[in-house]
Amino acid sequence: MEAANESSEGISFVLLGLTTSPGQQRPLFVLFLLLYVASLLGNGLIVAAIQASPALHAPMYFLLAHLSFADLCFASVTVPKMLANLLAHDHSISLAGCLTQMYFFFALGVTDSCLLAAMAYDCYVAIRHPLPYATRMSRAMCAALVGMAWLVSHVHSLLYILLMARLSFCASHQVPHFFCDHQPLLRLSCSDTHHIQLLIFTEGAAVVVTPFLLILASYGAIAAAVLQLPSASGRLRAVSTCGSHLAVVSLFYGTVIAVYFQATSRREAEWGRVATVMYTVVTPMLNPIIYSLWNRDVQGALRALLIGRRISASDS
C-alpha cells in the first residue's frame with residue numbers, strides 16, 4: 001500500500017531512447033548532432049535575416065520569424081538530452097526535469113500549430129483580398145495572432161502539467177521513449193488517469209485539430225480563388241505564394257497524426273518514436289530549407305546576411 005501511494009518527490013525516470021544497441025548509438029549521435037546543428041543554424045539565420053532586412057518587414061515574414069524561433073526552441077527541448085543519453089550510461093531524468101521537458105514540448109508544439117494556422121490565414125488574405133491586405137494584416141493584427149498562439153499554447157501546456165504532477169508512479173520507471181512524452185508516463189502511473197485521458201481527447205484534440213481545420217478552410221478558399229484566376233501565370237504565382245507553407249504543414253501534421261492517432265501495439269509504438277523524431281528533429285531542420293528554396297526574398301536576405309551586406313526594401 002505504501003508503494004501504491006509513493007510520493008512523487010525524489011522520483012527519477014530512465015529514458016530508454018531510440019535504441020539499446022551500443023553499435024547504433026554513436027552513429028545516431030553523429031546523425032542527430034548534425035541535424036540539430038543544421039536546425040539551429042537554419043532557423044537562427046532565418047530569424048536574423050528577417051530582422052536585418054527591411055524588405056522582409058512584412059506580415060508573412062513576421063509570422064515566419066516566430067515560427068523559426070519556435071522551431072529552434074522546439075528542437076532544443078528534446079534533442080540535447082537525447083544526444084547526452086546516446087553517449088552516457090546514465091539515462092535518468094528527474095520528475096521535475098521530466099515535467100519541465102514535457103511542458104515546453106507541449107507549449108512549443110501547439111505554438112507551431114497555431115502559427116501555421118496564422119500563416120495560412122495570411123496566405124488566404126493575400127490571395128483572396130489583396131487590396132485591403134495591409135489593413136487586414138496590420139502590425140496590430142499580426143501581433144495579436146502571434147500573442148494568441150503563444151498564450152493558448154502555454155495555458156494548454158500548464159493545464160496538462162498541473163494534472164501530470166498529481167500522479168503517483170509506483171511501477172517501473174523506465175520510459176520507452178527518448179524524451180518525456182505524456183502517453184508513456186501515463187502508462188507508468190498507478191493513479192487513476194481517466195481524467196487526463198479525457199482531457200487529451202477533448203481539450204488536447206481541440207487545440208491541435210482547430211488550427212488544422214482553420215488551415216484546411218483557408219486553403220479551401222485559396223483553391224477556389226486560384227481556380228477563378230484567368231491566366232496560368234496568375235495561378236502559378238498564387239500557388240508559389242503559399243507553396244512553402246503548404247509543404248511545411250503537410251510535413252508537420254503528417255507526422256503528428258502518425259504519432260498521436262495510431263494504435264498502441266508495440267510495432268505502432270516503435271513507428272511512433274520514429275515519427276516523433278521526424279517532427280521534433282527533422283521538420284524544424286527542413287523548414288528553413290523549404291522556405292528559402294521557395295522564396296527569393298528570403299534567399300536574397302540570407303545572402304546579404306552571410307556576406308555582411310545590408311539591403312533595403314527597394315532591393316527586393
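We count from 1, first residue shown onward.
From the backbone N, Cα and C atoms, a Cβ is placed for every residue, glycine too.
Membrane topology taken from Swiss-Prot puts I93 and R273 on a shared side.
When the topological domain 'Cytoplasmic' (221-237) is classified with DSSP, helix, strand and coil residues number 14 helix, 0 strand, 3 coil. Under the criterion of 3 or more C-beta pairs below 8 Å, with sequence separation of 6 or more, the transmembrane segment (274-293) and the transmembrane segment (141-159) do not qualify as touching, having fewer than 3 such pairs. With DSSP states grouped into helix (H, G, I), strand (E, B) and coil, the topological domain 'Cytoplasmic' (122-140) comes out at 13 helix, 0 strand, 6 coil.
Following the DSSP three-state reduction, the secondary structure of C190 (disulfide bond) is coil. Per-site Cβ counts within 10 Å over the disulfide-bonded residues C98, C190 peak at C98.
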